[in-house]
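Here's what TrEMBL has on this protein:
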- SER14, GLN15, THR16, GLY17, ASN18, ALA19, SER61, THR62, THR63, GLY64, ASP134: FMN binding site (BINDING)
- ARG375, ARG405, ALA406, PHE407, SER408, GLY439, LEU440, CYS441, SER442, TRP627: FAD binding site (BINDING)
- THR481, SER547, ARG548, ASP589: NADP(+) binding site (BINDING)
- 8-152: domain 'Flavodoxin-like' (DOMAIN)
- 226-486: domain 'FAD-binding FR-type' (DOMAIN)
Amino acid sequence: MEEKASKLLILYASQTGNALDAAERILREAERRSCPVVLRSMDDYDVRSLPHEDTVIFVDSTTGQGDIPDSMKVFWRYLLQRNLSTCWLGGICYAVFGLGDSGYQKYNFVAKKLDKRLADLGATAVIERGLGDDQHPSGYEGALDPWMSSLWKMLYQMNPKFLPNGPDFFIPDMNLIDQPKVQITYHDVHKVYSELSTASSMKSFEVQIENTRSMYPGKLSNKKSRPECFLKMIKNQQLTRANCGKDVRHLEFEFVSSSIEYEVGDVLEILPGQNPTAVDAFIQHCNLDPESYITVHPRVLGSQHLETRSNASKFPIKLRKFVELTMDVASATPRRYFFEVMSFFATAEHEKERLQYFASPEGRDDLYQYNQKERRTVLEVLKDFPSVQMPFEWLVQLVPPLKTRAFSISSSNLAHPNQVHVTVSVVSWTTPFKRKRWGLCSAWLAKFDTKQSIYIPAWINKGSLPAPPSSVPLVLIGPGTGCAPFRGFIEERAMQRLSVATAPVIFFFGCRKEEDDFLYRDFWLSHAQNDGVLSETKGGGFYVAFSRDQPQKVYVRHKMREQGQRIWNLLLEGASIYVAGSSTKMPSDVMSVLEEIVSKEGGVPRESAVSWLRTLEKAGKYHVEAWS
């Protein structure tokens, strides 16, 4: 019999980086207790080796509507194989910590499914699964802190060899803080030779992005290093009335590199540009030389096994360009560990004490009020603690990565072969201290001048709304910017009608006021008339609810109830239901109304209606794409 691994294994699956942050936190706490530990991404681990492990900690996030992170899909498919016996994992112990948002219907769905499947395969739980919630006042750490405390106690009881000095033993932090996970090499600018000197500016930019982002440690997906395409904005149209309190834009882009074919329901991901002034301010504050050329390499520490990614960079990159393309210095909020490391480099005693308090369990709630609730940026935090001079290696490791932003595509490739359109709501809010904040990407795009020749790096991915066959009737529900993907659906079906017969489409849209935010008004009305896709003469329908145009509020759910019989008739004809929009209450409200309609029109009890709709979902005829 093969000997069990002698190290605690932490496997994580992260879509945006939060699960990786949580996994690294568990790893640091394990190392501080002299626990031998290995950290791996699920897509960097051979799942067939799982039965040979001793104890495994799983950390995963739930994305969208109960979706599994991309890095977990192969791992999860293997676990679902029917030929795996109920004792396949009979020899291992495990614990699961999930990250989710209770504002979504399928809160922490992935962690719950994984926990059940591991138990079904014979594994023994060390501790009840932990569920981190973005809605908690302290974010996921509100659940992670007490869960970890229980984990070490239970782990020690089950297998003392992992914690030879007991669960309460703690190595002083200074012994672990001496080296970051990355090392930076500085190059003599006169010796730096670039093969791109004769390349086109777009090709040069493409290679710069790939080189720079492939050097970034750990948190960027390999496929996000090289852009799939570059876009040029050709139209920037405000859809909402000026000064109405909302700024929603219709943006059109041309492919300026190779054209990428896409389907309706796909998602466009854009790498946003950062404010040059903020980038320069960060570099200046940290006493860095923006003109220096650097390469970034991973460093392996002691017992820790870091996730390794191929360093595809052949050429050094300018430090300023590295910061600009990888480090979110003026938008993202730093994690708690950032404050912990800062405390070691603070030379002013009062700053050191405050940072140590913020990094402690006792200071967690006050840190939340100062940091997360105010959405302070890295640059702002550094300016608040001027005595801190953190080495660049630590900054590279700890500054949140500059992430791509995803937008539902609102065009049809059939109607616009060399273009892609998106609908963007400019994100803005006021903090508790009355400071105005703006979303990095949406504000950047809204200010774009179409006369500028700026190449925008982009990727196209599958979303949660698969493209429907032309023969399938559709019930579309998309209030607010949830209408975005359905503009593409309608364009596509209008093009399909030129060559084949198409099934009916009904669309429910909602907004506050007809004069303020009736997005794409002329587009919908044109397709609802003159035998258009949404016209009643073609079996379709367009129903809009204006919630604030009358004393009594009217929402999409009210319009759905009015058209209950039409919805039911289309469902009997094999219709698919598509829902898009805000993740707060809308998806559950829509589902509740559909349960009412199926129960009333089908003459069945509510419980049977719930079961009927669940069957529809399992058959791939009920799709939801929601965002917070």
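First residue shown is number 1, and so on along the chain.
From the backbone N, Cα and C atoms, a Cβ is placed for every residue, glycine too.
All features noted in TrEMBL, drawn onto the structure.
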| residue | record | Cβ contacts under 8 Å, 6 or more apart |
| --- | --- | --- |
| THR16 | FMN binding site | SER61, THR63, LYS403 |
| ASP134 | FMN binding site | LEU99, GLY100, ASP101, SER102, GLY103, TYR140 |
| ARG375 | FAD binding site | THR333, THR431, ARG437 |
| SER408 | FAD binding site | GLY265, VAL267, LEU268, VAL422, THR423, GLY463, LEU465, ALA484, PRO485, ALA580, GLU625 |
| LEU440 | FAD binding site | PRO272, GLN274, ASP328, ALA330, SER331, ARG405 |
| THR481 | NADP(+) binding site | VAL248, THR423, VAL424, SER425, LEU519, GLY581 |
| SER547 | NADP(+) binding site | GLY510, CYS511, ARG512, LYS553, VAL554, TYR555 |
| ARG548 | NADP(+) binding site | ARG512, LYS513 |
How far apart, in angstrom, are the most distant Cα atoms among the FAD-binding residues ARG375, ARG405, ALA406, PHE407, SER408, GLY439, LEU440, CYS441, SER442, TRP627?
25
What is the Cβ neighbour count of ASP589 (NADP(+) binding site) at a 10 Å cut-off, with all protein chains included?
17
Rounded to an integer, what is the Cα-Cα distance in Å between SER442 (FAD binding site) and ASN18 (FMN binding site)?
22
If we count other C-beta atoms within 10 Å, could you say which of the binding-site residues SER14, SER61, SER442 has the fewest?
SER442
All-chain count of other Cβ atoms within 10 Å of THR63 (FMN binding site):
23
Count up the helix, strand and coil residues in the domain 'Flavodoxin-like' (8-152) according to DSSP, in that order.
57 helix, 34 strand, 54 coil
Of all the Cα pairs drawn from SER14, GLN15, THR16, GLY17, ASN18, ALA19, SER61, THR62, THR63, GLY64, ASP134, the residues the record ties to FMN, which distance is largest, in Å?
15
Determine, using Cα-Cα distances only, which of these binding-site residues is closest to ASP589 (NADP(+) binding site): SER14, ASN18, ALA406.
ALA406
Roughly how many Å lie between the Cα atoms of ALA406 (FAD binding site) and SER14 (FMN binding site), rounded to a whole value?
16
By the count of other Cβ atoms within 10 Å, pick out the sparsest of the binding-site residues ASN18, ALA406.
ALA406
